[in-house]
Protein chains: 2
Amino acid sequence: MALEIDSILGKWLGLNTTSSHTAVASTNLFVALLCACIIVGHLLEENRWINESITALSIGLCTGVVILLSTGGRSSHLLVFSEELFFIYLLPPIIFNAGFQVKKKHFFRNFMTIMLFGAIGTLISFGIISLGAIHFFQKMNIGSLDIADYLAIGAIFSATDSVCTLQVLNQDETPLLYSLVFGEGVVNDATSVVLFNAIQSFDLSHIGSSIALQFVGSFFYLFITSTLLGVLTGLVSAYIIKRLYFGRHSTDREVALMILMAYFSYMLAELFSLSAILTVFFCGIVMSHYTWHNVTESSRVTTKHAFATLSFVAEIFIFLYVGMDALDIEKWRVISNSPGKSIGVSSILLALVLVGRAAFVFPLSFLSNLTKKSSFEKVNIKQQFTIWWAGLMRGAVSMALAYNQFTRSGHTQLRGNAMMITSTITVVLFSTVVFGLMTKPLIRILLPSSKHISGSMISSEPSTPKSLTTSLLSNGQDPEADPAGDQNVYRPTSLRMLLCTPSHTVHHYWRKFDNSFMRPVFGGRGFVPFVPGSPTEQDVLQWPPQSE
Amino acid sequence: MALEIDSILGKWLGLNTTSSHTAVASTNLFVALLCACIIVGHLLEENRWINESITALSIGLCTGVVILLSTGGRSSHLLVFSEELFFIYLLPPIIFNAGFQVKKKHFFRNFMTIMLFGAIGTLISFGIISLGAIHFFQKMNIGSLDIADYLAIGAIFSATDSVCTLQVLNQDETPLLYSLVFGEGVVNDATSVVLFNAIQSFDLSHIGSSIALQFVGSFFYLFITSTLLGVLTGLVSAYIIKRLYFGRHSTDREVALMILMAYFSYMLAELFSLSAILTVFFCGIVMSHYTWHNVTESSRVTTKHAFATLSFVAEIFIFLYVGMDALDIEKWRVISNSPGKSIGVSSILLALVLVGRAAFVFPLSFLSNLTKKSSFEKVNIKQQFTIWWAGLMRGAVSMALAYNQFTRSGHTQLRGNAMMITSTITVVLFSTVVFGLMTKPLIRILLPSSKHISGSMISSEPSTPKSLTTSLLSNGQDPEADPAGDQNVYRPTSLRMLLCTPSHTVHHYWRKFDNSFMRPVFGGRGFVPFVPGSPTEQDVLQWPPQSE
């Protein structure tokens, strides 16, 4: 049974082969490598240096070397890096899951700081890297790069990859830091992609104040409309599932509908040329706040783990892919006659990344601290250093943007373009592997896990197992269940209320609004419709056969 | 953010457009239609005529009409039917889930009958349809069809689609009938695809006894090796997950590994040119028997529902796709000058399908009944009629095979080929809609749900809710938990044992072998490793944050 599967696989994965058998073999090898990454990642879980990203990258690199040797230096990869695959299939589950699993309270309590770092910070970093690139590269004679290319370099190297840091930071021990790094990462992704697209579409031959204003305007327009679209799609999904109560017949319909609606929000944003990353992120937040609570117990377990698994596989896929593609011989051949210059360019870019990030993390932290009254809420210097470090890694977004700017259909012949691609690969590999290896030990030194250094106001009570009865009886207002396992929720006591009233006022009013207007319509935490034979927790353990 | 997503979407989905915006719009519409199918399917759940397949098909047809009108008759579909998409992405989850959720005991107890129907029956049906097509069509002057085309027609119209019937049959009320129809459906799929590939690869210009022998030999070789490969992959996954006990760190790794290994088995079978359908089906059976019991409680819930959801979405996707494609104007234009002949061909094919199926269901049931001693195990005439009816629908497999045989890259110009494609569409639509509409009422008449007509030896005790304690305490031999919700398991009592010893001997020895040799190595039901902090059912309801 080999019904011409070569063409589809070839087209879809961008396989550099035309033979059906080779395409199937490549897919097999790739799936086997994914399995290997998961197993090795599990075995190295306790290791104090390695993390999942480095494992996948290393396995990718090793496979690349083996392929390179076995094909006699002709090719190093099974697949050509395609930004389409990345943006259409791999990124959406990662970002959606990020929104779905984020601890919403921490995220929104630090919303202004996150926006400061994510949007303004990225713009500062973009400016410094662009100006630095113009300053250094124009003297180096590295090929024909115009102003759009330099600005694109700024956007490409402003896109952080905090996956590695988030694997090390603990959401319970350091909630403030976690939400800052996490939130910044998402907003940063969105900002750099929006920036990048703006650069590609704007006419940059004559930059004036009107263009700059237009740029800022379109940025805010994109930000707000994308967010609203995500919120809207999430609310629609919550409303539909609450009204129809699918669990009555089948949990599969609920799960399917949640996945489809999430993807729908992403594609809808693409359709309206909005920032799909932001849309799907906010769709995830709304879905975890409302929709997730309207479905059956089994669907909750399934969606929580299914989304996490999808995101997990997509991340490994990306690092494996980047690792394998890094040795692509064609690009290195173009720049092989000037290895010194190539190392120079990569070093300058790395230095610009370090400086560009330092230039906003420390000043913006200072500004953010000024607005905080309580010393608990301020970001101390060790935490500032951690935030700086957390965003030094460059990853798949940078790669995807670089390929988009500097190649045409996976190939590059111009010397300047080849130089930029290889430098991006070098920076991604170096920052992920070298900085990545140092992250675990560094965080252990900066933030000893026994103490709760977190500046958050939230008491970190141990998550005591709750009896089943409690979970069943708590009908209206059970603040414990949450896909993010958000156990340490905000529970105002008179003393705390007194201490932190100003910063929680908005949140307080939101809670009131949510309880009086939103939850009656969209369900959410504690929503338990009475339906005869409605699934209880017995379902989860027993699974009587369900009609589908 | 619209990073050239047109090319990938266009290539992947075979979109008949080159504009990025249109491609994104098509995807949006398609996702929205999928959501609509789920919602409408839910609302019509209690309806006595309609089922999910008919809903999706109708929505697809209506959309086709709207597109046809809005494009002024130029095009009716968003996507061109591609058998690659079908065989690589849509079929594997459906078949895997079939194996994963099947009640293994019923399946294996009726294994010989299932094989008789699925393999020998399909061959009989294939022979009758091929001979009938040669007999009738050669006189009708419908274009150039050679011997390979006639044999292909036989294979195409031997592929049943029992989805619709399975939606109506109840696995608990009529386990014998369900397992027969279900098992036959899977073996039938495999048989027709193997047949079809054999026809395409063998030199059919001079048919002799040696070719026929070779054909039979290659069929059995494929059948046995494919099954073994599936079993092997399943066992490897069970062994890895049991040995490493991933749940210690993360349930996501377990879920990811199960999904990847399942897909790996499918692609591995493709690599060795085996029957991937059979491989992935047996991989699903082994995974549900061993692997599924080695993972954490959360992973069990997740995999059970995630696989079911994937399969569910893939099924809806296929019917929507077929519905939309049915109105493709290009094919109908070719045969528009001879509508009478087209109707004639379709009617003949439908009649051949009816006769071909009757020609093996009733004789083979008679044969099968001869080997059964107890009257409970015999298939009575009403059940025979239900089995006959259950396999009359033709679906996506037929469509995919027809496109593979009679078109080149989605287009067909030859008159004979166009006639065959439109006839296939007609037969698929007619059988799914007309026969499908009659299935629910028919089964209600033939098999009143209050009585347990089932010939199975199993007592159909109501699935009483089991206390959590029981489920936790039963360590070694808990025969209740099963992804198929297999509550009515075989529990030998002295009287029953006496009655049905002969037919259960094999199963008895298998149980002994399984308990002594297989389970110690591969885990399976009741496997509970002691790991500190190992997830219990509290996990499922509470979800303390897990490190990933």
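Glycine too: its Cβ is placed from the backbone N, Cα and C atoms.
Going by TrEMBL, these are the annotated features:
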type: TRANSMEM; residues: A:23-44; note: transmembrane segment
type: DOMAIN; residues: A:32-443; note: domain 'Cation/H+ exchanger transmembrane'
type: TRANSMEM; residues: A:56-73; note: transmembrane segment
type: TRANSMEM; residues: A:85-102; note: transmembrane segment
type: TRANSMEM; residues: A:114-138; note: transmembrane segment
type: TRANSMEM; residues: A:219-241; note: transmembrane segment
type: TRANSMEM; residues: A:262-287; note: transmembrane segment
type: TRANSMEM; residues: A:307-327; note: transmembrane segment
type: TRANSMEM; residues: A:348-367; note: transmembrane segment
type: TRANSMEM; residues: A:387-406; note: transmembrane segment
type: TRANSMEM; residues: A:418-438; note: transmembrane segment
type: REGION; residues: A:456-487; note: region 'Disordered'
type: COMPBIAS; residues: A:456-474; note: compositional bias 'Low complexity'
Other parts of the chain folded back onto the transmembrane segment (A:56-73), taken as Cβ under 8 Å at six or more residues beyond its ends:
29, 33, 36-37, 40-41, 315-316, 319-327, 329, 429, 432-433
Considering the transmembrane segment (A:387-406), which listed stretch of A:114-138, A:307-327, A:348-367, A:418-438 counts the most C-beta pairs under 8 Å:
A:418-438
Two-stretch contact, the transmembrane segment (A:262-287) and the transmembrane segment (A:219-241), at least three Cβ pairs under 8 Å:
yes
Of the listed stretches (A:219-241, A:307-327, A:348-367, A:418-438), which one yields the highest count of Cβ-Cβ distances below 8 Å with the transmembrane segment (A:85-102)?
A:307-327
Leading stretch by Cβ pairs under 8 Å, where the reference is the transmembrane segment (A:418-438) and the options are A:114-138, A:219-241, A:348-367:
A:348-367
Contacting positions for the transmembrane segment (A:114-138) when only residues 6+ beyond its ends and CB under 8 Å are counted:
107, 145, 147, 150-151, 153-155, 157-158, 179-180, 183-188, 190-192, 195, 219, 223, 345, 348-349, 352-353, 355-357, 359-361, 364, 367-368, 387
Using a Cβ-Cβ cut-off of under 8 Å, list the residues of the same chain that are 6+ residues beyond the ends of the transmembrane segment (A:219-241) and lie near it.
119, 190-191, 194-195, 198, 254, 257-258, 261-262, 264-265, 268-269, 272, 274-276, 278-287, 289-291, 294-295, 521-524
